[in-house]
Amino acid sequence: MAAAAELKLLEKSLGLRPGNKYSAQGERQIPVLQTNNGPSLTGLATIATHLVKQASKEHLLGSTAEEKALVQQWLEYRITQVDGHSSKEDTHTLLKDLNSYLEDKVYLAGYNITLADILLYYGLHRFIVDLTVQEKEKYLNVSRWFCHIQHYPDIRQHLSSVVFIKNRLYANSH
């Protein structure tokens, strides 16, 4: 999914009125937001953070200094590790690492949903939707997290719902 489409989904989930004008620059199609009253903003994380502040939902950026740093870390991870990776091998490495991280966590940063969860959900959707039942079981922690995030009101919107089975097929899928 193109970054502009993700930013429009984010706008809607934040309750902002549509109307921002997005474009993309360069070979990597880096998103650009043309603001009405200032310079244009460049980059997915920068624009998304701006939208969160514009919607007065700063809690999505983390509530403590550590959570804020973790949110930024995961936004960087989204841009450097998720975007641009399309090979099956890259995807499985990414999911394996994320699965380990989420082993004892409900959210990426802290005890509540953050912008990091939302943008990583949008970034991973294209991969998760194509996973087999066996692959979803292999990445059980990612599947649990993804299923949880997709059921938040206004997050999934028009994206296809990914079905996860409740009973495991294999006892030792790890």
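Backbone N, Cα and C define each Cβ position, glycine as well.
Counting residues 6+ beyond its ends, the coiled coil (153-169) has Cβ neighbours under 8 Å at 9, 12-13, 15, 118, 121-122, 125, 128-129, 133-134, 136-137, 140, 143-144, 146-147 in the same chain. As annotated by Swiss-Prot, coiled coil applies to 153-169.
Taking the domain 'GST C-terminal' (50-173) as a whole, pLDDT averages 92 in the prediction. Under the heading domain 'GST C-terminal', Swiss-Prot lists 50-173.
There are 11 other CB atoms within 10 A of the CB of Ala2 (N-acetylalanine), with all protein chains counted. As annotated by Swiss-Prot, N-acetylalanine applies to Ala2.
Summarising the annotation, Swiss-Prot assigns N6-acetyllysine to Lys138. Around the Cβ of Lys138 (N6-acetyllysine), the number of neighbouring Cβ atoms within 10 Å comes to 18.
Annotation comment: Swiss-Prot describes 2-56 as region 'N-terminal', evidence class similarity to another entry.
What Swiss-Prot lists as region 'Linker' is 57-63. Non-local neighbours of the region 'Linker' (57-63) in the same chain are 14, 49, 69-71, 109-110, 112-115, 118; each lies 6+ residues outside the stretch with a CB under 8 Å from one of its CB atoms.
Residues or ranges marked as region 'C-terminal' by Swiss-Prot on the basis of similarity to another entry: 64-152.
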| query | How would DSSP class Ala2 (N-acetylalanine) in three states? | reply | coil
| request: Summarise the region 'C-terminal' (64-152) by DSSP state, stating how many residues are helix, strand and coil. | output: 66 helix, 0 strand, 23 coil
